[in-house]
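Here is the structure we will look at.
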Amino acid sequence: MIAVSFKCRCQILRRLTKDESPYTKSASQTKPPDGALAVRRQSIPEEFKGSTVVELMKKEGTTLGLTVSGGIDKDGKPRVSNLRQGGIAARSDQLDVGDYIKAVNGINLAKFRHDEIISLLKNVGERVVLEVEYELPPVSVQGSSVIFRTVEVTLHKEGNTFGFVIRGGAHDDRNKSRPVVITCVRPGGPADREGTIKPGDRLLSVDGIRLLGTTHAEAMSILKQCGQEAALLIEYDVSVMDSVATASGPLLVEVAKTPGASLGVALTTSMCCNKQVIVIDKIKSASIADRCGALHVGDHILSIDGTSMEYCTLAEATQFLANTTDQVKLEILPHHQTRLALKGPDHVKIQRSDRQLTWDSWASNHSSLHTNHHYNTYHPDHCRVPALTFPKAPPPNSPPALVSSSFSPTSMSAYSLSSLNMGTLPRSLYSTSPRGTMMRRRLKKKDFKSSLSLASSTVGLAGQVVHTETTEVVLTADPVTGFGIQLQGSVFATETLSSPPLISYIEADSPAERCGVLQIGDRVMAINGIPTEDSTFEEASQLLRDSSITSKVTLEIEFDVAESVIPSSGTFHVKLPKKHNVELGITISSPSSRKPGDPLVISDIKKGSVAHRTGTLELGDKLLAIDNIRLDNCSMEDAVQILQQCEDLVKLKIRKDEDNSDEQESSGAIIYTVELKRYGGPLGITISGTEEPFDPIIISSLTKGGLAERTGAIHIGDRILAINSSSLKGKPLSEAIHLLQMAGETVTLKIKKQTDAQSASSPKKFPISSHLSDLGDVEEDSSPAQKPGKLSDMYPSTVPSVDSAVDSWDGSAIDTSYGTQGTSFQASGYNFNTYDWRSPKQRGSLSPVTKPRSQTYPDVGLSYEDWDRSTASGFAGAADSAETEQEENFWSQALEDLETCGQSGILRELEEKADRRVSLRNMTLLATIMSGSTMSLNHEAPTPRSQLGRQASFQERSSSRPHYSQTTRSNTLPSDVGRKSVTLRKMKQEIKEIMSPTPVELHKVTLYKDSDMEDFGFSVADGLLEKGVYVKNIRPAGPGDLGGLKPYDRLLQVNHVRTRDFDCCLVVPLIAESGNKLDLVISRNPLASQKSIDQQSLPGDWSEQNSAFFQQPSHGGNLETREPTNTL
């Protein structure tokens, strides 16, 4: 049994009779009240003696409310034996029972008799100055049985005090130096009513002004000069109960408290073994439950004062706890006993304290214990890469998550000061900025917005080599705890700061702690965009207080990242402290191509998190083990369960990724940087890649005579590592495209050149014909329709051309093409294809196996085909290739012109003058991102997809330029072929489905509601095999039909809201709220429509019905739909 007693009893003072002297020690007052310091009959030893001066003001005819005993005739020095409740002396919060009065208004009392002392105090006047000696408080030592924790308490002054007495402080004699200790809490005062502060607690700071190194008089002055409301940082003791940590069954905990006082425990319910259990949900910081050290979050409450909780509701259990008397007996099952080993037995029986419990697979239900905290959650990614993330607090209705263990204040990070808990820091050691002078900091002001500080490495605390980085954090205030941070500045609040204020305190379970980025010692560079440097600490604190009105603040933080040890290659271990409710900051992914024995990959590291500050982890590093449990053959679920078992420290075994390793230099790889100035024109490069986070981004072709080719430093097959200093590590192709779009006039590319042996097999060395002859199959038909559209509507920062006098330009700003399969080679751990990268003019592209539609819209004189020329892929005979060679040259040149021009003047003119029909038909901007597969067909059986290729090019289409349009175009098989031709077509179609890329068009469409039908003329449905919302039916001649929508179009955005992961229940309200105008971004698979038409119709003209309604899904199955449908 563990009994912890915290008693705070109030002595009831009887009323003094009129003939009783207010300063005389009466018979009833010979015994000091309980809880007071023992009154010594002898002098205090010199080494434990402290002194202070107390000034009291009283009115004429009133008394101080002070009882004095002792005198030269009363066996002892004059001392305070009692303070009357509500008296002047008690309310001053400067005197305590047991203090020795050395002098009164400068008159030494050493030789005064008791009656003379009483007479002096009665007749001293209105101002009374007492010289007081007191016994110094004992020194608190943190050891195996006691640990220190901190808590921030906000108090309101009553008069000019907060209701507690402080002693200690710095002293000339080091042996007498003490922390500023609270020795007494006045009953009924502000501190007592708030309930957190207890005698023996240490006062560390007041409104951010730290008291370390201040004398007792200075500490008293700071308390008097602060405002009516002050934030006090308190350090308190927490008992370490070894018996709890080593217990093997239920425990009986007895806690003594004052009747009516709160234990500081919040309860909740959880389901365990299909039974409801009562567990501890929260423990208030510095409460009785927190200080005793026997109770922890997650403990099961089995009984309260002998009443079993087995069949009690949460409300009943809470009431039982509130009705407890001065002795609370709790039967608990410590939370650490509920953790099962990864391969542990299904049933574990624990018996103690006459109670038997049976547990099975408790981990699956443990998640419901803390629904408002951070957990390790399993989260499949949209691109089929399962990811293990450490997100923010899940909503109450979130799926079951996993509990994370609390962070022990004794656990310390070996990497950075910022990861230390305040309670673990010696009180003589506080963090400071690594750059000591104001001048050096001013030179860095312009760098505050950069993600990485340009300052060189410096020496931080404990001799560590660190570098500083900055990040921006947005906090939303909690109604109870606020933001949960306290700043620390100079000694004087009005002094101009020479360095930014520090975060000196972070409240447990506050927004500041839950964000996982802020740590004690971080420098606050700006608050809501206002720099803190060269302002006063009071101004910085006021900014923070003002933000609490709006419940939101944006902080710019500078923090240290360790550089003492940075592994360059090989395998190493990293230990991360795991705080309760705080994310580690790493995302672990399992690539879709992962095989048994392959490790998991670190795919993201949150900036400013514990993992980031170690300085040793990088994107792409392989995670081999967690707490010595290997992950080679572990699924993501296993990894989640292993992390669940982790205690205060998480030990990760890491293998450095090849691209992060220095060993690549010895393999012949060359890394360099190329800067390109586009001057309004295109770069002339084509990039290829996939949506897998760690697949390489490759330069697949260069425009002949283009900017990139003229540099001579960029070649086909080179890998792009970074764009404008933004690393592409762990980023898919879409992000690389976005970075290039936003790059501006100057584009800096970090290039990795392959080895000489590898570059010998460059795509340029192998003509296309030789590869096609190896395949021994039909040739591909060349078609300019393969050219994808420009993403100018998605990335509006496309640089327009400034050289309108030039007749034509080579290539586009970012022009990517797709090639055929060929011999692959290995470089840096990635498979590349030697034939994947060719110029658009060299490659064979695929055209629709259909007859043309030449239905012309009379109002603009454009054919249907010209307005919506698809990027569909298909196979055609070899004869068609010769027929369209000249045509391809024309279209290639025309589309290149459009690509180079950016948003041309003609387009801008149309945008200004376009009516509704022009907007619907002519102003649609196409953005095509093509996805395909790469396979090796070297006379072997077909293998499954080994790499998901994704390529992109940017093109802006406008059919308003007449010399680019073409009214008729035929790239179809002969319509009069016999059964053999039909069989051959089916065979080619099957080959196409296996080998050809899967094009996906992105369209931006603006629809206007039909005034007669009051709808947009289309219905939507949820995807069957793939998450998403798709167009199901389209009303002929309705807005959707006129706008170019087709069945199986997937809605990616509705009125600029991303709907990729939405279902119909979320999308339909968005469309309903759009009013008369609807902006859509949709993706389309042309092969779906191609296959549908091919199966429905014999060769011949298309019917309007066939062009509007498709009955079959694509071969990938991703466009199948299911009920319910909703007509909009």
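In case you wondered, yes, glycine gets a Cβ from its N, Cα and C as well.
Marked as compositional bias 'Polar residues' by Swiss-Prot: 944-974 (among others).
The annotation compositional bias 'Polar residues' is assigned in Swiss-Prot to 1093-1115 (among others).
For the domain 'PDZ 1' (53-136), the model's pLDDT averages out at 87. Here Swiss-Prot flags 53-136 as domain 'PDZ 1'.
The domain 'PDZ 2' annotation in Swiss-Prot covers 150-238 and is backed by sequence analysis. Note: the domain 'PDZ 2' (150-238) comprises 18 helix, 40 strand, 31 coil (DSSP; helix = H, G, I, strand = E, B).
Residues annotated as domain 'PDZ 3' in Swiss-Prot, with sequence analysis given as evidence: 252-336.
The domain 'PDZ 4' annotation in Swiss-Prot covers 472-561 and rests on sequence analysis.
Here Swiss-Prot flags 573-658 as domain 'PDZ 5', drawing on sequence analysis.
For 673-755, the entry in Swiss-Prot reads domain 'PDZ 6', with the evidence type sequence analysis.
Among the features that Swiss-Prot reports, domain 'PDZ 7' is placed at 1004-1086, with the record citing sequence analysis.
Sequence annotations record features per position, and here Swiss-Prot assigns phosphoserine to Ser43. Sequence-distant contacts of Ser43 (phosphoserine), defined by Cβ-Cβ distance under 8 angstroms and a gap of at least six in the same chain, are Lys77, Tyr100.
If you look up Swiss-Prot, you'll see 754-798 (among others) marked as region 'Disordered'.
Swiss-Prot lists 935-981 (among others) with the feature region 'Disordered'.
Sequence annotations record features per position, and here Swiss-Prot assigns region 'Disordered' to 1093-1128 (among others).
DSSP assignment over the domain 'PDZ 7' (1004-1086) gives 14 helix, 32 strand, 37 coil. Residues of the domain 'PDZ 1' (53-136) grouped by DSSP class, helix first, strand second and coil last, total 13 helix, 35 strand, 36 coil. Under DSSP, the residues of the domain 'PDZ 3' (252-336) split into helix, strand and coil as follows: 16 helix, 36 strand, 33 coil. Sorting each residue of the domain 'PDZ 6' (673-755) by its DSSP state yields 14 helix, 30 strand, 39 coil.
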